[in-house]
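First comes the structure, then the notes that go with it.
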Amino acid sequence: MGTQKKAAEWAARDAISHHQSAAAPPTAPPETGGEGRRELDATPTVLRLPITTSPAPSTDQINQARPDPKMQRWLPALLRRAAPGGGAARLFASSSLLFDDTQEQFKESVRKFAQENIAPRAAAIDASNHFPRDVDLWRLMGDFNLHGLTAPEEYGGMGLGYMYHCISMEEITRASGAVGLSYGAHSNLCINQLVRHGSPEQRLKYLPKVLCSPRICFVLSLCFARAIVFLRTMKMLTASICLAVLYSCIFAFSMKLISGEHIGALAMSEPNSGSDVVSMKCKAEKVDGGYVLNGNKMWCTNGPSAQTLVVYAKTDLAAGSKGITAFIIEKGMPGYRTTPLSSLDMIEHEHMRFYSFLVMLLMVLVHDYRFSTAQKLDKLGMRGSDTCELVFENCFVPRENVLGEEGKGVYVMMSGLDLERLVLAAGPIGLMQACLDVVLPYVRQREQFGRPIGEFQFIQGKMADMYTSLQSSRSFVYSVARDCDNGKVDRKDCAGVILFAAENATQVALQAIQCLGGNGYINEYPTGRLLRDAKLFEIGAGTSEIRRMIIGRELFKED
């Protein structure tokens, strides 16, 4: 009974109003005069609605209110908070109407992770145009379970949804726009596409986490090989070492995207087909056992360092959009080569140095260079998020590396673009929050005319505009994310959220620069970087003009 009582109290508190829609009318005034009439004249009439008590929630409702067990199991122990409980599990009052308590808990954990591990390196990433060299952020994010938020648990993912994916994207981009963009390309454009369209064999090959690192695997395999030959002859030492190297190389070339040991990317646009992506010219000719790819891909985020890429090409040039097929390209495929620049970028990941050396040695011996990455592009913003052109010259792709079905790549592409726009729309939210993180302390400390500039109405007006732009964009993004988690993926809404958030982010960054005055225009402050990063979101994943066209077209179709 105590449990039911607590649950009933929680349900009553949580409800905004459980009144009946048709309330009983107030008591009619007395018809006769006298004392009753005088009392009526002296006391104003008050409309009193009947108060109803919400019934105790059912067992199913209580179970739905429990914190997500996946989050309790997967969040790192140091950042996991005590689960709200009591007899009848309930959700504590959230600081935001957008998130339940578990999502707030997750958001705070990712925020702490990003501010400790990414934010201190954001300026250096932008200045050097490289991912950090002192730490492997990909592995750190993998250890924190951020890469596989939408992947099933059997592949090492968390089995959550786009609400959590957007939360993660927001907080990482808040710390660094470049890291956020690369994270979105890896976790959504690559991993999520494999989750949604990959065969069980493809998922098993590319997604899973592993239990030990390549170095540990090498040591264990070496010990195992030595144990076998220990009692025979010392002449077998070389053979045992070779066996250990072979085993660890096999281990290294298995794709481990969710752990962050391997990096993913997507290659869709071409030098002459950006917005009109279905006019691509990259051709995949069918041959025995697979396909041969020829063509170029442009503006490929993570391209120089990616080990696994989702690539779109036409298996039938005459069929237009119906001739597009999606392929999974591996950096370990025979015939792969990379330019010295991107090779050095890959070797910067310490755990890949030994294997990168072996790969390049094999390529020199084979002399088979058919898939290459051209020079890394020098961008205005999002510096450190590696972007390049890909070149395919008679690159052979096995038949089992077709993602989805032959000729059905346009469905894979367009459905992926809807969710890509949603998840990437959380990036501008993070940048707008980062702008406020800079502006609010500054206007409290900076004094002019004998008082903090935050006391002036013009500055307060700018802060108000920045805040309302952030909150309205955030509400839009997470409401669409919740719809997608519930199975309602609306193309115009997915285009609308990134259109609205991206354009707001650029304006908020401009306002942040204005609030800081001359300091906002020098690189000692991050506002210039935030503006340069924000502008990318008006271009990538379809320009603002294309997004408006999509929204208008979808509205025109509706009855």
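Here the Cβ of each residue, glycine as well, is placed from N, Cα and C on the backbone.
Automatic, uncurated: that is what TrEMBL annotation is.
Taking the Cβ of E420 (active site, proton acceptor) as reference, residues of its chain lying under 8 Å away and at least six apart in sequence are, in sequence order, G184, N188, L189, A541. Look at TrEMBL and you will find E420 tagged as active site, proton acceptor.
Here TrEMBL flags 266-275, 299-301, R446, Q457, 514-518, 543-545 as FAD binding site. Following the DSSP three-state reduction, the secondary structure of G517 (FAD binding site) is helix. Taking the Cβ of G517 (FAD binding site) as centre and 10 Å as the limit, one finds 12 other Cβ atoms among all the protein chains shown.
The substrate binding site annotation in TrEMBL covers S275, S321, K322, Y411, D418, L419, E420, R421, A541, G542.
Sequence annotations record features per position, and here TrEMBL assigns compositional bias 'Basic and acidic residues' to 1-17.
Secondary structure counts, DSSP: the domain 'Acyl-CoA dehydrogenase/oxidase N-terminal' (101-211) has 79 helix, 0 strand, 32 coil. What TrEMBL records for 101-211 is domain 'Acyl-CoA dehydrogenase/oxidase N-terminal'.
Feature annotation from TrEMBL assigns domain 'Acyl-CoA oxidase/dehydrogenase middle' to 265-354.
Annotation comment: TrEMBL describes 407-555 as domain 'Acyl-CoA dehydrogenase/oxidase C-terminal'.
What TrEMBL lists as region 'Disordered' is 1-41.
Annotation source TrEMBL lists transmembrane segment at 237-258.
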| task | Tell me, roughly as an integer, the mean pLDDT over the domain 'Acyl-CoA dehydrogenase/oxidase N-terminal' (101-211). | result | 95
| substrate site span - longest C-alpha distance across S275, S321, K322, Y411, D418, L419, E420, R421, A541, G542, in Å | 23
| query | Quick one: DSSP breakdown of the domain 'Acyl-CoA dehydrogenase/oxidase C-terminal' (407-555) into helix, strand and coil? | reply | 122 helix, 4 strand, 23 coil
| query | If we check Cα distances from D418 (substrate binding site), which of the binding-site residues N272, T301, Q514 wins as closest? | reply | T301
| note | Within 10 Å, the Cβ with the most other Cβ atoms among the binding-site residues N272, T301, Q514, S544 is that of T301
| Of S269, S275 (the binding-site residues), the residue whose Cβ has the fewest other Cβ atoms within 10 Å | S275
| Does L266 (FAD binding site) have same-chain partners at least 6 apart in sequence with Cβ under 8 Å from its own Cβ, and which are they? | A185, L189, C190, Q193, C300, T301, L309, V310, V311, G416
